[in-house]
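For reference, the structure is listed below as structure tokens.
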Amino acid sequence: MFSSVAHLARANPFNTPHLQLVHDGLGDLRSSSPGPTGQPRRPRNLAAAAVEEQYSCDYGSGRFFILCGLGGIISCGTTHTALVPLDLVKCRMQVDPQKYKGIFNGFSVTLKEDGVRGLAKGWAPTFLGYSMQGLCKFGFYEVFKVLYSNMLGEENTYLWRTSLYLAASASAEFFADIALAPMEAAKVRIQTQPGYANTLRDAAPKMYKEEGLKAFYKGVAPLWMRQIPYTMMKFACFERTVEALYKFVVPKPRSECSKPEQLVVTFIAGYIAGVFCAIVSHPADSVVSVLNKEKGSSASLVLKRLGFKGVWKGLFARIIMIGTLTALQWFIYDSVKVYFRLPRPPPPEMPESLKKKLGLTQ
């Protein structure tokens, strides 16, 4: 599959100018003028040299997609695990708002009952589940972005780029949630049902004995309800915010910014995207938390019982959590790309052919 995707990526408008020169064969242009000694000049592929200096692989190659998936594992697995205490309190506020009346009260009650150690409940399924989700989310996003871009063509890719981001991220998240669902179900049981289980090793066999495989996947539909809108907002808002920041805020072109400066822009764009992500996905998140706690319940029954006001419980905690989470994830993901010297195409620019059609250039 990766070889066919790599072939499609060669003409992809998200590709970098240097790589595009190589793929189009323009890097092989040779000077016909003789050298100082009268001998023909040695052919020199400047584009290929630039690629060797800057990138460890071609955009859209198998190695590129694999390392993007690794970046997703690192960014999602570590950040979600680091925020387990906040996630635990948020989940408890959603399933028992009478006992956990707010974010600070929730921390206070949890510390009083379970101690500091209790704040780490659910860390193992969180780490495993969100690592697998990150692999699919970021890795498949890059795959689908290349595939859909080549289906649209260069001009339509630019004109419909927001729709492309939405479609690619939704497709990736569909598979990411299937990978996440079992661990998410175990995490919620551990965090919200006192006495049920303290570890993944205890929770998983008990869940399977009680409800079979259904216990691990009954929350996948609500997960899609929560995560697909969240991820669509996360990627589309991030991509367009980065584009806007370089266009209207950053005082110099991206090509003139250092790597640390580019990563600062990534972090800011990630936080802005995260705030919108939290708002869009919170009602479904409330349903998932209650559903995974209760046996034999359904998403429609939970939604009806919670009502409009109930599904927004814990929103402030989720905004803090998701805003920070999304910013850190994009920062780490982009840092992994920098570390492995992966191609990081700049914000898209209008193709010359489209400029001519619109009369913007001669």
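Even glycines carry a Cβ here, placed using N, Cα and C.
These features come from TrEMBL:
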type	residues	note
REPEAT	63-147	repeat 'Solcar'
REPEAT	160-244	repeat 'Solcar'
REPEAT	261-339	repeat 'Solcar'
TRANSMEM	263-284	transmembrane segment
TRANSMEM	315-333	transmembrane segment
Helix-strand-coil residue split for the repeat 'Solcar' (63-147), DSSP-based: 73 helix, 0 strand, 12 coil
DSSP-derived helix, strand and coil totals, residue by residue, for the repeat 'Solcar' (160-244): 73 helix, 0 strand, 12 coil
Confidence summary for the repeat 'Solcar' (63-147), mean pLDDT rounded: 92
